[in-house]
Amino acid sequence: MDSLDQCIVNACKNSWDKSYLAGTPNKDNCSGFVQSVAAELGVPMPRGNANAMVDGLEQSWTKLASGAEAAQKAAQGFLVIAGLKGRTYGHVAVVISGPLYRQKYPMCWCGSIAGAVGQSQGLKSVGQVWNRTDRDRLNYYVYSLASCSLPRAS
């Protein structure tokens, strides 16, 4: 049986090669990628660059205590965003279910202006996308309503 977050993974796959901002592929734009995934799922998302998005998530979404809790919520079908503000540009990613890297970092999907080193198509954890200093400062936010659910029996 698929994990309940399969619809989120599918939205990530569908958003990867699209452009949220004209001319900028989502795989090269973390905030555009997250915006596209949220739009596909019908989830309201704060607008702007990653720093602005983290500010908005802090105000309107529920903050989670750990990467393990973030992975658990993702496995339950909730859209979970990992984010960290930066001096100029921060970074945001979509958390998905799966094994925790080093027992605390959840798997993720994210675009990045840094190219392959900062990108993940669900095969890297936030602990591999962010550097060793920043990965322990990440915040995790969950949307209040589940984005995925089990199919109804016919």
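Going from the start of the chain as shown, residues are counted 1 onward.
Any Cβ shown, glycine's included, is placed from N, Cα and C.
Of the listed cysteines Cys110, Cys148, Swiss-Prot assigns the disulfide bond with Cys7 to Cys148. Within 10 Å of its Cβ, the residue among the recorded positions Cys7, Cys30, Cys148 with the fewest other Cβ atoms is Cys7. The Cβ of His91 (active site, proton acceptor) has 28 neighbouring Cβ atoms from other residues within 10 Å, across all protein chains displayed. Candidates Cys7, Cys30, Cys148 (recorded positions) were compared with His91 (active site, proton acceptor); those inside 10 Å Cα-Cα are Cys30. The two recorded residues Cys7 (disulfide bond) and Cys30 (active site, nucleophile) have their Cα atoms spaced 19 Å from each other. Taken residue by residue with DSSP, Cys148 (disulfide bond) is part of neither helix nor strand, so it is coil. Recorded residues Cys30 (active site, nucleophile) and Cys148 (disulfide bond) have their alpha carbons 22 Å apart, per Cα-Cα distance.
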